[in-house]
Amino acid sequence: MPDDTSDEVWSPKGSADAPFNREMRKATRDIHAVSDALVNGKLALALSDNSVWADGLLVFYEIFRYLEEAMDRLRDKPLGELRIEGMERTQAFEADLKYYLGEDWASSYTPRASVASYLHHLMELEENDPDLLIAYVYHLYMGLLSGGQILRKKRQLLNRFPVLAGNKKTRSGGDAVSDFGGRSIYQMKKDLVAALNSVVAQFSEEKKKSILEESRTVFELNNTLVRSVKGVTQVILRNLAFFLAFIFMLYMLFKLFMF
């Protein structure tokens, strides 16, 4: 999931105080690096496998749905100001999950422990200090608009070889989550950064500090979700088997033509 939330290109320069989005970036730099390594090391190797991709969608589905429902409930509060036109992903998640898991996927679905724990934390924040949910909306959606687009392109490239990838689905579809239609990804990211900085400008320094601290928790909780994604080991073993078979075939051809 979410990779680099690059946004410096839209941050005004020359001011004495750094824009809040830069402060968030600085405050999460180390934990963000851990998250990137986890995604790249665990999921990137299995991007070509539909079952792993679907499980990754499944663990983040509830989180995005909750945040979007929270933005709706708090539409007249600071959190609601972060809703950018076209950013909603709940229906896109559901469309992709139907594609990979079948029309009735939800009938037998129960959130796993990592998802339930994440949701419980979000509920507590909404009840006690809903402004802290700003950290989740910003990081998760910026991640989807940034790293999510990179993963989308890599997956599309790998899926050109469905047999080697072990995928059975070859018809078009299954990438609605990372598809924002004709909207400019650049502009959406720019609007999200602007909304964040505008909203946070009205907060006290204490509240800003709390949001920065919560930003680290965002990545910690995201990492628990990524670690819970199933099927990665099997994909790696299958890819290794293909590689070894290829090496063996080259060896046999070498022997055939040399002797």
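Even glycines carry a Cβ here, placed using N, Cα and C.
Because TrEMBL annotations are produced automatically, they should be read as predictions rather than curated entries.
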State the residue range annotated as region 'Disordered' by TrEMBL; the candidates are 1-21, 22-42. 1-21
Per 10 Å Cβ neighbour count, which of the binding-site residues Arg25, His32 ranks highest? His32
Should Arg25 (heme b binding site) be counted as helix, strand, or coil on the basis of DSSP? helix
Can you tell me how many other Cβ atoms are located within 10 Å of the Cβ belonging to Tyr138 (heme b binding site)? 25
Whole-number Å value of the largest CA-CA distance among Arg25, His32, Tyr138, listed as heme b-binding: 14
